Amino acid sequence: MSVAASASRSASTLCSPQIQQGALKEAKVPPHIWAARHWNLGLRLVPGHASVRAGILVLLIFLPSTLCDLGSVYDSSYETVIPERLPGQGSDDPGGKVSYVLLMQGQKQLLHLEVKGHYSERNFPVYSYHHGILGQEVPLLSQACHYEGHIEGVPGSFVSVSICSGLRGVLIKEETAYGIEPLLFSTDFEHILYTMAHQPVVLCNVTPTDSLGDSSQRQGSSKTDELLALSDLWSHAKYVEMFVVVNHQRFQMWGSDVNTTVQAVVDIIALANSFTRGINTEVVLVGLEIWTEGDPIEVPVDLQATLRNFNLWRQEKLMGRVRHDVAHLIVGHRPGANEGQAFLDGACSGGFAAAVEAFHHEDVLLFAALMAHELGHNLGIRHDRPGCTCGPKHLCLMHETISKTSGFSNCSSDHFLRFLHDHRGACLLDRPWHQSHKRRDAHCGNGVVEESEECDCGNACDSHPCCEPTCTLKVGAQCSEGLCCYKCTFKKKGTLCRPAEDVCDLPEYCNGITGECPANSYMQDGTQCDRIYYCSGGLCKNPDKQCARIYGYPARSAPEECYISVNTKANRFGNCGHPTSANLKYEACSNEDIFCGKLVCTDVRYLPQVKPLHSLLQIPYGDDWCWSMDAYNVTDIPDYGDVQGGTYCAPKKVCMESICTGHATLQYDCHPQEMCHGNGVCNNFKHCHCDAGFSPPDCSSGGNGGSVDSGPVGKPADRNLSLFGVGESPDSRMEDEEINLKVVVLVVPIFLIVLLCCLMLIAYLWSEVQEAVSPGSSSTTSSSESESD
């Protein structure tokens, strides 16, 4: 039986959107559409037709094997349940078994669960970026959370849940999938149990590749002592060591939180194992890299190109750092026509052990099936043909249309056995967590600060002022890199290292004992800002500000009439939903959702620099124009022209996935009057960030403000002195200001004295001149008078 994970919220998925043309027919003045010329990426805009003139360049160096397309997913119903754990079972049970009773649709159901193996190496490395520097952390995860089992008395049922913080996972009962997850902040152990209804989910077109080369290049080909006879290969347990990379957009979709991202990936791996167990194979997470500050490679809509770029990055940056059998990239954007790409037979090869999957929705069950499907291609498994079976199911996991409640077919088993035979499966036979080395030892000189290293200057050690080539700090150095490190010493405690960038953002300060700035913190989602708007992700989701960010001041959100004209047209310039297949159309916005489709702006005085395949729509409105943008085929953000999630759309309502819904969806549960004694706000870690004059954790006593997450705030007199860049020291700034003050104190009086002396001299000279002139005038007059006599 094969299943995957629960989803806290489900969403429709994009399938190769077909561009719908057409403008606003009722407009008296025809609308103008502006598109960037492909041969000129500058600021100049050129008028064009309603369609974007774009040439498609298909460049295939290595031809990946799958072209996958997801359908739509939605939650149909839910109920609140309270799972009751039967006494005398659990972690103390040597068998690792536990049972729960819960009420499903009015009937008591007994869940029998058993702990499953660890699907990650102990202390696997997590890499992330901090101001351009790649660092490594070790996650703190419980090793015995994932349980699987069945529902008593229900044939064919299956349960896969994590039980460490409530029950979170999926239940399969009578061909129906249910998601279960704990209700946040419930004091009665309440959970949400919801039906996960769905349409056919994944469509794939397989294209075989012959570019892998001979098997002599594969990992482990020389380990002849580990090779097993063909008859033993199938029964022998196999392990796929998978390294996962999460791109920046998907990281943002997980709240830009490293811990949340790590836990989500661990859950996905555990649930993918529910599928791969059918071929006696376990997927083991050996490492994770999160692109926290942006993607180091180009991640286009075409996942075939993304796979090519990712594989080159993997060969150059990853292979020498962490050993892996396959590496998978999780991207967060809606792809063009394909939801996944993988190299066929790529596992265990040094050159082609890669795959890419799009996770732009929130159906973890569906995504786990997609990951297992793409991994199947890495393991040599092709698409099922007519006649392939997997028990009573009509569609199996490797069919072109994937069912997330089915498993591998008999044909898949044959393909996998052939892969093991042809390539001897050497890399799949070692049990990762039984090895003496959990991962590669720290490699000094790779530019990554790893365990046991104080610093790593890479190839720049000769000129590095703080770090030795041996990856140790130089004598007298306290640090090497970081926002709180200046000239190899820690910046002063309380120094501002990351200022607030929005009214919903919060500042961070150095603690004086490390070179790193604390993790970014901001006001909890749902905090009110600018009177009627709400904070989300550290930004005040004000549509006027969004327009100003795109078009510059004084652009603002357009009147309701413009939104109605644009967002009811159901085309790429105005809609409340992308097509879910090539045969469907864009969705028009209803009256309730009219402000949640495309962002419409007015008072536009400056046009933005239009990127390739971006288009602007200009329509008349009174004496002005209204503007809409389509970021078709651009993946740096979901769609720059869409109204952002969390944006105000009606009193006490916000936009979320093109729907105007209650602001409760932001899950704001802070009571600052009680939690922070009215002297602060709640941050994204659900801790108080205190106002100046009060101290954390609850803002009830005097202090300098801040939170337990922000680092200690400096004294008010020091705060202005801390507003310096990475390359400036607070001490040097203070010294400069002292020098300037001395100069002012000395120069100004001297200048005044000199000026006074000059004035006095001028006055004296002027008086002398007057005295010299006056006697001469008198004598002349007298002489004249004498002569006249």
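Cβ coordinates come from backbone N, Cα and C, glycine included.
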C348, C497, C504, C510 - which one Swiss-Prot pairs with C427 by disulfide:
C348
Name the residue from C479, C485, C517 that Swiss-Prot records as disulfide-bonded to C497.
C517
Can you dig through Swiss-Prot and tell me which residue of N205, N720 is labelled N-linked glycosylation site?
N720
So C411 is in a disulfide according to Swiss-Prot. Which of these is its partner: C388, C444, C455?
C388
Going by Swiss-Prot, tell me which one of C670, C676, C690 is disulfide-bonded to C682.
C670
Restricting the comparison to the recorded positions N259, C497, C517, C690, which residue's C-alpha is spatially nearest the C-alpha of H383 (Zn(2+) binding site)?
N259
By DSSP, how many residues in the domain 'Disintegrin' (441-525) are helix, how many strand, and how many coil?
3 helix, 15 strand, 67 coil
Checking the contact step here: among the recorded positions N259, H373, C388, C390, C497, which have a Cα within 10 Å of the Cα of N410 (N-linked glycosylation site)?
C388, C390
At the level of the C-alpha atoms, what whole-angstrom distance separates C670 (disulfide bond) and C688 (disulfide bond)?
9
Of the recorded positions H373, E374, H377, which one sits closest to C497 (disulfide bond) when you measure Cα to Cα?
E374
Between C388 (disulfide bond) and C682 (disulfide bond), find the distance joining the two CA atoms and give it rounded to the nearest Å.
55
Taking the Cβ of C388 (disulfide bond) as centre, how many other Cβ atoms lie within 10 Å?
18
Can you work out the mean pLDDT of the predicted model over the topological domain 'Cytoplasmic' (764-789)?
58
Where among the disulfide-bonded residues C670, C688 do you find the Cβ with the fewest other Cβ atoms within 10 Å?
C670
